[in-house]
């Protein structure tokens, strides 16, 4: 029995510890294995997330670059091709916006590479023929046939190395003609590195294959090949990337650096700790069993145990992970220092409170649930929650725990995964933001407002800022194009000075600008935006359109931003601004294209409208000499359809005699590309051949290539006819000029030689011959000048109210001498009728018609000038005058040979005569009737002729009639002014009435003092003075008048009840003495004598640069006893006027130094001279404005050459008589 007991004790001492150790070991291994599996699963998830993110990014970014290439192609097609300069700008912009290209090339329709951007590094591809490579040629033909963008497989690049080609065929929008390819060249290694430059770190290795061939690899530089192969075989994951039909196989696996970061030492710690605990348990059992047997070793074993616990505690303390032992009561029992290092709370704080107090409120429920599971014996392999740090922030902890149910303790290990969480959140946010950008780039917006609103709302969500603005910057003006904001003060189309906005720094620096806390900067506190809107945070970036800043995309808030804006946030907004800029650039290009197309359409329509409305015949030909365009004027002229005239059909209308000559000239000019001009005859629709002057000039396109000819044709048939008539006219004028000149020169030579000095009668006859021929010469020149004025539209009519009877009488008076010399009886029947006309011109018409009638009438016949009224409901010629329903018809009737019927209308044409020989036999140029017709038509009248051969002709002139005149008061400013001084009001009234009845002006006063005052102020012509007046008698008044220089020369007539004998002897200062009551005849006789005695010598100033004419005028005035003075220039005349105040001024206008207008302007500025009577004697025709400018006092306008010396003398003397003898 004792032996058995001893054996049993020995067995317990030997094997029971082993059983305990073996029993706890599986638990430790299970817990360790669970942690390892969780860790591997987490690594696989990270690799999978990277695989998906990277494959999507490569697909999306590659597609963006290909689509940008397609958009470049569409612009080429829409604009019918681009210049190399514009294409280079677009390509460089695309390379700037989408880096990763090796090159962008334009391949012409013959498959030659013509344009490359950039040229550096791609010189080998210049002028390369892609058709030399069968594979490239097949791909190009496929893209051209399908009219779709095509991506090639991996090829050997001409520049060296391997790459992928993207072909985008070009078909012009107008005619769908093939115009080559836009070719994008990618080196896959460079492309993918560019795309993933911000995505890939040294945590992952990447390889891409196509058809089993590796085309891309990304490995950390310090990774051994053997380690790479091992990691690739164990961790790699695969994905397919579809690049427009080309499949790339993506393979990704973690690097050793990532594994080192993600693989936690916790499993190893758990394993070691578990093994230690298992050994410890075994050891305790062993000690218990051996306590009696191994008492001596107890102290040693206890020491060993303490040392092991110290080692475990040291390991516990040095772990970077958070290790703890917790009770089921919710309190930490033991924690390692990592808790304090990670969360910041002292250890005592952790141990003194339930750990649930440190858990984020949102995570407490799940934490308690997980705690309950642990209490029930279920281990926690993966659990995450947030723990509060000492500074109030929270950090993410990833837990693994297992319960010790027997002891009621929980063993747990936690790892700080906050940074990983932030990275994952940033990746998710970045991915979501990229989706937003992709949506914006792929959405079709109807308006820019919709695009702007979407971008601003998206940006506000991404940044968490309340205000988003898209602005346009023009010079120094900042205008809000679109705004999304909670601030009511910001609205669209609002404008500010750029320097008063945060965006000024963006525009100036051409880069993104951010402010986290504007109020934290002392300088920024005074900024206008901060002062007015109190915007604390701001992020703004420029919007680029075609290489220039269009405006800004900016976001802001009145709240301080929690942290600095991340690079990720800035890049998202910059990408959004790039998208907006591309939309704006595309729209601008489309607007420009539409404007060009509209301008072309408008230009073509305008050309056709102008061409068809042009009064000349227009034509155009192509490069084959055939006609391509004829305007409507041509078709109307020929009476043919456009289809008949196009090509060579138009030549059928050329006169047979001119066709070969025209075509020969046209073909020679066409071959030489030179301008040509010739005359030929073309068949008109009425059957006539009309002479045309044709002029053609070559047309060239913008590239200087020949495009054909454009030309005009002008009907010059009338010119040919006029040239014929002018030849006759020149012959007549030659005769008409030479004949009177010969007579004048011959007569004057005889007189000058003195041969006729002893024969005064012959000398007088020679003078008369010279005068008559000079008059004939003047008429010829006047007719020629009138024709020139008519043709140039410069004929001026000085219309006024005229008496028809007076005009008829004046005309017959002027022509009476001619009638008498010709033995013609001239009969005139005047008709008093008022007409609105230029009297000189109407008299010219009458004299012209009368002289013609006399010339073509036989001796002893009668020429009549009559008039009658006829009813005609026509308006008066001047809208300012009353309307009359009558017209006056003047008739000039002769008994001559008559006019043939076929010439009754043509006789009024220029250079027209019934017989050209008449000009030589009877004189005349054929201009007279043309002048008459123009004058009559300008008066709103009509002229025609009725004639019977061998019986005579009657010329009719019909003019509008004015209604009877309305009586108007005559201007009596030139009538004599009489001052009546009498204290008897009845006498004053009677005398005043008598004087006014005889057109005198009267001032009546009742006292001598009043008479003296009025005489000084009014300067009367005569004073009637009573003697017996109170206060100041007539004698006293007379003495006062004679004592003053202003009044001493005024004639004084005594009007008194006393006779001269009763009043005293007749004083020398008295002009006459009238006894009351005055006898009317005696009174007016005394007045006339007094006025006559006061007249002074008449003086005339002649300002004329022609000395001969000035001498003639001086002789005329001397014949009437008038003193004349002469000045040859305007300035001399002005100086002479200041020395001699003339009673009349005769003024020419064309003067040296100062012309006649300047002289009149000077006179108008001087009160003593501004009313001087004036005779304007000039060869110029003056319009109404010029006449009004020249008027001073009474003004007479006479035209040199049109007014004879007798008429001049008559009219000027009448004017002198009116201004110097107002009574008469």
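Going from the start of the chain as shown, residues are counted 1 onward.
Just so you know, glycine gets a Cβ as well, placed from its N, Cα and C.
Summarising the annotation, TrEMBL assigns domain 'CHASE' to 108-198. Helix, strand and coil counts from DSSP across the domain 'CHASE' (108-198) read 27 helix, 30 strand, 34 coil.
The domain 'PAS' feature in TrEMBL is assigned to 308-378 (among others). Mean pLDDT for the domain 'PAS' (308-378) in this predicted model: 87.
When DSSP labels each residue, the domain 'PAS' (603-673) comes out as 44 helix, 11 strand, 16 coil, counted as helix, strand and coil in that order. Annotated domain 'PAS' per TrEMBL: 603-673 (among others), in sequence order.
What TrEMBL lists as domain 'PAC' is 676-728.
Per TrEMBL, the feature domain 'Histidine kinase' maps to 732-963.
Among the features that TrEMBL reports, domain 'Response regulatory' is placed at 977-1091 (among others).
In terms of DSSP helix, strand and coil, the domain 'Response regulatory' (1099-1215) has 50 helix, 26 strand, 41 coil. Here TrEMBL flags 1099-1215 (among others) as domain 'Response regulatory'.
Among the features that TrEMBL reports, 4-aspartylphosphate is placed at 1148.
The transmembrane segment annotation in TrEMBL covers 12-32.
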Set of same-chain residues at least 6 away whose C-beta sits under 8 angstroms from residue 1148 (4-aspartylphosphate): 1103, 1104, 1105, 1106, 1156, 1177, 1178
The domain 'PAS' (308-378), counted residue by residue under DSSP: helix, strand, coil: 42 helix, 13 strand, 16 coil
